Structure formats: structure tokens, C-alpha cells
């Protein structure tokens, strides 16, 4: 792992040290995805079957997974696996239920009552990537908040064959429909609907470059669907002082590095000596990993930053804005009020990122790539929308009328003024 | 106003009756805006001065409005105007302060504590359009939540000359910097920064097709800035029964119609007789408006829908998803639990839209064009972001370990498992 001393860098060197690699989607991905979307919009289910055969190498018997198949999956799973998934489900449910907002109701001036009410987004689509191993944890992270928000229709797409773990969690989360479809074609199907696939209002979930580009394209079309948040490579930053255990930190850095060769991994510490021990521990642990090759590629662009102080570590983290931030210092909670621009924060020696990735209760769908400055950790709010309500009494309107009339005059909007004066005149006439 | 009887329409006719006009931004707008953005990024302040001279016909003495100019504006305003703006400021502040979220903290299983914390978005930019009349109300709607959220830096752009009302509200809201810049060049300046203009994290506010396109472009660039929500023409839907007053409804429809020729105006009622009276009242009131020409254009595409029942009116509204929804029925509050997909709801005879446009306390920046299905009324949440936090005790981690290990094994992620087992082993060794 490369190491830099922050204090010795110029402003430009600092920016460059923490700069994220540019995401350069070729124009060919844009065009290929646009073709796939057009095909799905015009040819519906036929296009889905054809594209699935082409990209996933299987032509599923049916696009929709039947209830029998879902039930059969649950019978094949071990009790141990079911218990683990249920424990994670319980914890994630508890944390997301705690996010149910308080109703807001205020009488701003006599007779003028303003409210904020929350409603579930009606129809949501969850995308679960395929790949070498199934990702039931992502089904939990999307399915649980959709269930708690009360979305009327929740559908799930994943490339076939869909693993038993995914089907089991889909059942736990009461997902209405599961489809054997992946890639850009799945995103297109959920955004526009086909004979079989329900059109949804918003699409959630991670995916490869094609899925990401498809989400971008359908979210730029008002007839398409909204999406959860912009995507980017996964990241972890660790802030640690000399009280931290080097092998714990190394394990945390590696658990990020194994995600993919583009994973970003940064340690920030005021202790150069800890930095060296962590670098050694990473090398030692790396050898034992089945995904060592992937992790090694990610580590090639990883970084150890030696800072002047813990305060400077915090400033560096707030500037970088990491997706995951692990704090292993003598008193990690004392730093929390100063921490900003992070997706999810892990406090102390006993809070590894993998706890949150799977089962502590927090969501693992997080803003990355610097989007932590403006986007939030996925939560109940993303499956809901807020509407405002106002109710004025006759006296309330009379009291507010002079303010509205004066402002409407200033803005040159006669009819706005008239909507108030016509009512006040009616009141004065005793109508 | 055109009138249709819902029950007599086919499914397709219904869709077509409520279909919004397509927004067709020419490729020339896209290219022109892209040029402007490039110019601002490469030439900074010089480009801003040049483009302002070109598009707004004035070359401001300085890009930033000085404190003296802001103070002078407040001295020129009438007491009546200042009082109106202050009353609106007070009401909007009260309603947005009530939106400050409760902290979320849950022990999901023994020793596993999960939290959700909220932080202000650090730097925000507010765009206030120019035009025939100043829009101080929009400054309130953006400036008040930015102030309450605690954003560290709030900047405002508006084309010169900036009206006294706008400068006065900027002062009320404690806005840090005000710039004499409008159009796509203002959006570019805030998204990327110039010598004078502060780069911001997120840009808010309405604007013409160029501003909208510039917001879209900078929000699609991760080096740019996030934006509040997608834009579209303004809309009102009124649900009314035969207890409603036709002239009130007509005034409300016209106050939407005067916004612009593309405004959408729809009345839904089970009473054909009320529909006729409203159509007559609209014609009568139209004549007296200074913006009658604009309103008349909007009314050309407006609609009265005669429904079978109030329940059907509600279903039509939920399907259409109006930006503003006015409910003038015998018991409007009884309908609230069934109402969905609306930006802001106005209950009863004494709650005209203009109350909320200016001063009741609710925000007038609302999703429109059907985006009410997934987007929220602008609120405090849009000026903040949510981060999650977790802290596990040693025992907490031991209790959670089997779940994490089982799931990491299923997902084939060794290092994720190892980050947990290395800690549990250390505990067992008594380290």
C-alpha cells in the first residue's frame, strides 16, 4: 500500500492523492443499453426472453418465478442459513421501522394549519445482480424498507438461475413478483412494463456498468422510472490512532478490497508506525483469501495517509466523503459530532464493516464516489414521498390575506391575489 | 374549458385526456447550454460577465452584490412590504423547523446499536429567475430551509438587476453571497465555481428551459452538483362537489393558469352542473386579469372531468398526480387518507393555492409533471443528508458473528467473514 504524509503535500497533491478514478463508460455502452431499452419497449416479453438467452445463456421457461419454485427454494436451504437470514431480516426491520417519521402538524398563525404527510411509493422494482455468488443481503436491504414503507407492489429482477437464498429472502420480505431477468433488459422492463413485468415508479439496486447506464437512461425519461441514487465503485476509509489493532484494520481494508478491482481503500492515521503495521498485516492476510487476485488489484490504488492529528484525520475524511467510514480510536464516539459526508460510520474495534453489510440493521446501499456530500444512506424515506397539506379556517384566511395580497402584488400575479380577495369579500358579505 | 364525462371514456381516452404535453427541448438548447457551461468552466468570471451582457443586456459592475447594496434595498422597501415578507418568513420558518427529524437510535440485538444522524448539506446554491416581476417568495422557499438545516454556505444567483424584495429576503434568510448572474451561466458557475462564485454541492430553484437543461447537465456530471428535482410545467387539480363555490374554484384555476401558457388546470367533480358554473365563472373573471392573455392560452388545454362519485374523483387525482390539489367538498379532511401522489394539498373553501404559494408555511417548490409519484414536496430533508452509524460491543459482535459468517460464506466473501472471525478469535484469546 502506498503511503503519503499529508503535511508534506501541496494542496494540488492532496487533491490528486484522494482523487477518485474517472468512470469512463464508453459510448458503446450507452448505445448498447439504448438498443436494449428500445427492444424491450417495442417487443416486450419476447425481447426479454431473447436478450436473456443472449446475455445469460439461458432461456427461462417463464419470465416470472412461480410461487411453487419460491416455496421449493425455502425447503432446500439449510436451517442455519434460514436462521441467519431471518436474524438479519429482524435487525434490518427494527432499524428501518425506527425510521417511520413523526407526523408534522403546525398552526403557523391562528387558523392556518400546515402538515407534512408521508405516503409509500406505490410500485417499486428491486434489482439484484447475479454473478459468481448470490446476494441475499441486497434483497434484504431493498426488500425490508419497501415492506415497511408499505409499497403496494414490490417486484424483483435478477438474472437466472436465481439462487435459493434470494428466493427465500424475497418470501420473507413478501415481495409480490420475482422475474428471471437481469441486466439492462431488467431495468427497461421495470421502467416501462411488458406483458408480464409490472411497470414500477422507482427502481433500486446495484449492478454492473450496463445496469447503471440503463438506470441513468430510464431516470432521464419522465415516462421511465425514478432511481435510488447514482452509482460508483465501493469505498472504505479507516480513521485509526495508535490504540487500534493493525490486524483488525487490515481485515477491514481487505473486506472492501475483495469487492472488486475498482474498490477504493484508504487508511488515515496520525501514527506512521501503525500505518506500517497495517501494511504488513494486509500482505499477510491477503494470501489466505479466495479472492486475493481481486483484492490485490484494488490494493494497488489504495492509500495510507499519515496525518498530523486525529483532527486532521477527520478533516481529510470529511473532504473525501467515504461510503464506509470505520473509526478505531481511543474514543471514537467523541469524534462523531465532527464527522460529515459519510454513508455509514462504524465506531470502535468491534464494529467491522461486514456487520453493517449483512446484519447489524443499517442499510448497505450507500452513496459513494463523493455523493455522500448530498445523498443519504438508503432508508425508509427513499421508499416514501412527503406531501404537504394546509387547511385554513375562514378567520385564518382573513388573517393571512394582507400578507398574500401584498406579495402577489409585488410579483404581478393578479389572479393569485384575486383567489384570496374573492374569499375575503364573500366573508365580509356574510356569504 | 373542455369538459369530459369520465364514465363515457375508454381506458385509452382517459389516459389521453389527462396526458401531459411532451416537453420537447430542442437539441439546440442542449448544445447551447453545453457551450455556456464549457465557457464558464474554462473562462470563469470573464465568461459570466460576457454572457450576462449578451443574455441580460447589462454588464454588472461586479458579479457579487455588496452588503451595502443589500442594505440599501431594505431601506427602499415599504414597511408594508417588509411586514408581509417577514410574516411569510415566520410562517415558513415555523413549518420547516417542525420538520427537524427525531434522532433514530435502536439496539437491534444486545450490544448492537444502530443510529441515523442528519447533517446539513454544506454548500447550497439557490437560483431565482428574473422576468417581468421579482419572485421574493421563491427566495423564502429556498432560503428558509437552507437556513434551518444549517447549511454552512448559501449562495443565490439571479439575473440583474436584482429586485429590492429579493435582496431583502436574502438578508432575512442570512444568505451568504448574492450574485448578479442568471440563466445557464449561473447554474454552471454554482456547479463548478469561478474566481468569484463559490462552488456548491446542490442547486435548487426553478427556471426557464435553459436553466432546467443546465441543471440536468451539471447533475449528470459527478464533478458538477446535485439538483433539487426534475422540472415541468406547473399544475393544479381541483376536486369539488356541489357544495363548492364556483367563483372560488374559478379564481383558483385562474391563479394557476396565469403562471404560464403551459400551465395545466383540471377540475374534477361529480356535479356536471358545478362544472358548468365554474366554466362560466372562469370566463367572467378572466377579463379582469392583467395576465389574461397568458391565462387564456393555458385554459385552452384545461379540462373539466365529470366523475361518477367523489371516490372516482379521488382515484382520478391519484392517477394524475397533480402538483397542487385543492379539495372543496363537504368534508375535505375525510378524503385526506385516500389522497396520494400530490405535491401540496389545500383542504376546504378557505385554503386557496395562493396561500401556500406565499405565506401559509408550506413550500411552493413541488414535484410536478407526474413526478409526485416518487418525489416529495421540497422540505428540510432536501437540504440535509442522512448518515447511519453503528457501534457494537465485544459481546454484541460475538452475538452477531454467526449470522454474518453464514451470510458471508453464502456470498463467497472470505474477507468479510475474516473481519468478524479475527475479532472473535482475539476475544476468545482474551486479547
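Each residue, glycine too, has its Cβ placed from N, Cα and C.
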With B:256, B:259, B:324, B:357, B:411, B:416 listed by TrEMBL as substrate-binding, which of these, B:234, B:301, B:302, is given for the same site?
B:234
Spatially closest candidate among B:256, B:357, B:411, the listed binding-site residues, to residue B:127 (NAD(+) binding site) (Cα to Cα):
B:357
Substrate binding residues B:234, B:256, B:259, B:324, B:357, B:411, B:416: largest Cα-Cα distance, in Å and rounded to whole number:
56
Tell me the coarse DSSP state (helix, strand, coil) of residue B:259 (substrate binding site).
coil
Mind giving me a neighbour count for residue B:357 (substrate binding site)? Other Cβ atoms within 10 Å of its Cβ, every protein chain shown.
26
Specify the secondary structure state of residue B:324 (substrate binding site) as given by DSSP, simplified to three classes.
strand
Under 8 Å, Cβ to Cβ, against chain A: pull out the ones among the binding-site residues B:185, B:208, B:357, B:411, B:416 that qualify, in sequence order.
B:357, B:411, B:416
Alpha-carbon distance [residue B:234 (substrate binding site); residue B:323 (active site, proton acceptor)] in Å:
7
For residue B:324 (substrate binding site): intrachain residues, at least 6 apart, with Cβ closer than 8 Å:
B:234, B:235, B:236, B:237, B:256, B:342, B:343, B:344, B:346, B:353, B:356, B:366
